[in-house]
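Student: Can you keep this structure in mind? I'll have questions shortly.
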Amino acid sequence: MATLIHTLADHSDDVNYCAFSSSCLATCSLDKTIRVYSLSDFSELPYSPLEGHAYAVHCCCFSPSGRLLASCSTDGTTALWDSRDGRRLAVLPQPGSSPVRVCRFSPEPACLLAGAADGSLVLWNVQSLKLYRSGKVKGGSLMACAFSPDGNFFVTGSSSGDLTIWDDKMRCLYNEKAHDLGVTCCDISSHPVSDSENGFKYFQMASCGQDNQLKLWLILFADFLGVQLKYKCTLNGHSAPVLACAFSCDGQMIVSGSVDKCVIIYETSTGNTLHTLSQHRRYVTTCAFAPHSPLLATGSMDKTVHIWQLDLKQPCTGDTVKNESKVAVEEWSEDDVSAWLCAQDLSDFVGLFKMNNIDGKELLNLTKESLANELKIESLGLRSKVLQKIEELRMTMISVSVPDEFLCPITRELMNDPVIATDGYSYEREAMENWISNRRSSPMTNLPLHSLMLTPNRTLKMAITRWLETQQK
């Protein structure tokens, strides 16, 4: 069983990442902050939130000892914090000042890896705070990285779809095209495995991507073959891009989070689904297992972090927690619609919908006019909120991946009113207006915007409309 035991709702914007130490949980957000909680009662520590980044914080991680906390941001820096008192110890600038997307501590020696949107990656010496090594992936932004348990190598994943294995001297050992539409996350199990038959040593790795897939790999080390990346299998279950994955400490489970708003926990050895959790209301962006307790944290664009208690003694294959997107909405009963309304914070409408016999089919056919004229919902704001939730529900019924160019780079959601900014990129109008109300830099390049003018992208809007029409047929 997986039981939801706590929900953290302190961030004012999308949660991008969460990370555990033996005693703490850290979360970071588009709201520029990092928050740190005690695992004993999930209370926020006195020094939290940590503030100092100028823009969104994309990733955070603890050092192996738990005494250091690192965070990286669109502002082009990686910050080091003392996790005991919240003091900022250093600000490490990325070469080229490109937005830093991911950071990781090595097991030994004490190094910190930071990867950026321009493909650059840097190894920092944590003790001297000096740049140790630097490199660059061949194409795309660096989106993911993970160290081997022995610290002798690390893997990076890029938006071009490549997985690359590097040694600790920043030498490229192996490259593999893994995900057609880009890698979003990767993780390496902390338990290396020996192949007694051939004498090889290998590590289990997971990667996920915009192609809706979660793949398992074996990284092999053989004296006469060198390093190899061997595909093992694909774990199916998500119906949209997979944004996050993580192994449990013992390597026996792997968890993933997706644009389909679901979290899936698999048994690593068999690939069987143990639990499907769908309490989040928007994209699941991060998931992490605690190192020494049966806890799982999942974070989302709904601004919350859910804490789950896992019953490891009684794994329940196929256990599902309220996953309405897996059931045909057209077949929902009136009671199913009522349950959905409650889950969307629309419980005030349960009586009205029941009185009008709104089942799943009727729900999907509701329009602005029918809400006003037939259901007599007078408030324009309430009608808009109901229609927005229905549109989100319709989108969960689309089983194919949304083309990346149709997604707003800020919200990672399908654009309804795309506009072109002076940096040449297209964004959802509301998201970009909110962005430039607080800053004058590009969300994609972090460079100054020469003008705040936003031009409607009618060509893109027509393409999105045509694509939606083909999906609904």
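Placed from the backbone N, Cα and C atoms, the Cβ positions cover glycine too.
Straight out of TrEMBL:
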- 50-91: repeat 'WD' (REPEAT)
- 97-134: repeat 'WD' (REPEAT)
- 146-167: repeat 'WD' (REPEAT)
- 235-276: repeat 'WD' (REPEAT)
- 277-311: repeat 'WD' (REPEAT)
- 332-396: domain 'SAM' (DOMAIN)
- 401-473: domain 'U-box' (DOMAIN)
Student: Count the residues of the repeat 'WD' (146-167) that DSSP assigns to helix (H, G, I), to strand (E, B) and to coil, and report the three numbers in that order.
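Tutor: Each residue of the repeat 'WD' (146-167) counted once, the result is 0 helix, 14 strand, 8 coil.
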Student: In the same chain, which residue numbers or ranges, 6 or more beyond the ends of the repeat 'WD' (97-134), come under 8 angstroms Cβ to Cβ?
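Tutor: Distant Cβ neighbours of the repeat 'WD' (97-134) are 55, 58-64, 68, 70-78, 80, 90, 140-151, 154, 156, 158, 168-170, 444-446.
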Student: What does DSSP give as the helix, strand and coil breakdown of the domain 'U-box' (401-473)?
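Tutor: Helix/strand/coil tally for the domain 'U-box' (401-473): 26 helix, 12 strand, 35 coil.
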Student: With Cβ-Cβ distances below 8 Å as the criterion, list the same-chain residues six or more beyond the ends of the repeat 'WD' (146-167) that contact it, or say none.
Tutor: 104-109, 111, 113, 115, 119, 121, 135, 137-140, 173-192, 203, 205, 207, 209, 217, 219, 227, 229
Student: Where does the mean pLDDT land for the repeat 'WD' (50-91)?
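Tutor: Mean model confidence (pLDDT) across the repeat 'WD' (50-91) is 95.
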